[in-house]
Structures are given as structure tokens and as C-alpha cells.
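Report on one structure; see the data block that follows.
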């Protein structure tokens, strides 16, 4: 599963690596680059079949245009296949060359004279085509894209779709709470089995976790001892990287959330009200806490 496919000549490997680095730095986490150790073709696989699969599953194709790629029959095949599949093409000029005829009807981004301006134009074009980095999430190639009866999780964000309007409404409501104060409770209501948990876990939380003014706690299930569950969530959020409580994943990998000793102590002693007040106390120097139940 990939969001952006990078088409390039093998002789332009350095330029392809730079493009992948720029895309990731700009927020595009789901990429297909054939030689990349993480997002490329695994050892022992049929490379031609993998490339076709990458083109089918991608949302857009960045074509690195150079004399090498424009002379390559295989790059030509990637471009024609992508066009036949209806994929958006983003030709990027990295060297002097004559463009293939089937690229002449598409606006080309020139990175040669002013790379920063060229990349800025590329980002605008990709956003205009609906490829927003806020919706780009990495995907584990061995993970099943459909979890069955279980709800989608944060790790499924790359393949979770169809609830964009509900996601937007939840994110807007949280933004209003953060900006104006007042209400501190957001309830997602729906019939049993309609997808509430998937919406929250795979649609809303991965996006909130990227926002610098929020810290995600949970999800937690109150079960029979909500005080113990809350204490576990707060302790996991405050634990040093790599020492989170079993089954608990803080909002950002390797990040420690400092909600103060009062929150953890109060939760551990069963005073849920004090624990929540301490954890959610407003302070300009720290982000807001979002407890997911």
C-alpha cells in the first residue's frame, strides 16, 4: 500500500532518494520507491509484479524527468500504466531532457534553477489534487487491510476511508474546545456496530496525535476498575520511551508526556476527579490532554 509512487531511472538514484526524503519531511509517509529498504520491493519478490501493484495502489505518481528516465522503456511503461489507471502524474524536471509526448499535457515542476520554489509548487499541486500530507500514513506491508469484526486501529489509518466528513466534524469540535474552552466532552454516538470505534481510533486519533497542541491518552476501557485503568494510562504516558505499560501506546512514539505527579498519584489512589483535573489542567507551556474512553 503506497500513497505516492516515485518513478525514476536507476541512474538517478540520488535524486530519487532526495525526493523521498523531501516527501517524508513534508508529511507524505506512505511511499513506493523500488530500492528503498522499508518502502521498496522486498528481497525475493517478482519486481515487475511489485511495481504494477505499487502503481495500482498509489494515489499519485511523481515522475523524475531526466535524459535517463525519458530514454528508459521501463519508465515509459510506468507512466503509461499510471495514466491507464487514472493516476495523477506530477512530472518533476531534474535534468535537461526532452519530455515524452504523453507528459506534455501536464504542468511540469522544474527543480533545476530554484529547488525550494520548485518543491513549493509541487506541494501546492499535490494538495490541489487531493493528496494532503495530513492524510498520509505509513502502512505495514504485512498487515491485513481489513481487520474483520474488530475495529480499525491507528495502524490502519493508511487504509481507513469513507468517514472524512465525520472525521472533520470531530477535529473541528476538538479545535473549538482547545481554542475557546468551555465544553470538555466530545461524545461519538451511533448504533452498535456502525463504526464508532474505527472512526475514533483510525480516523481521528492518528490525526490528533500529529498536532503539537494535543497529547493523546488511551484509548482506555473503564472495565470494572476505571481508577486502575486511568492510572495505567497516565503512568504509560509519563513512562520513559520504551517503558510504556503493556498494551498502552502513547500518542507519539518515543515521547514522554509530563502531566505532573498529582495526576498519576491521584489516579493510583482512586481519586479519578483529582487525577483528571491534574492531567487536563490548562497551562500555556504544555499541550492539552485528550483522554479517549
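Cβ coordinates come from backbone N, Cα and C, glycine included.
TrEMBL: automatically predicted annotations, no manual curation.
Taking TrEMBL as the reference, the stretch among 217-237, 238-258 described by the feature region 'Disordered' is residues 238-258. According to DSSP, the secondary structure content of the domain 'TIR' (1-130) in residues is 60 helix, 20 strand, 50 coil.
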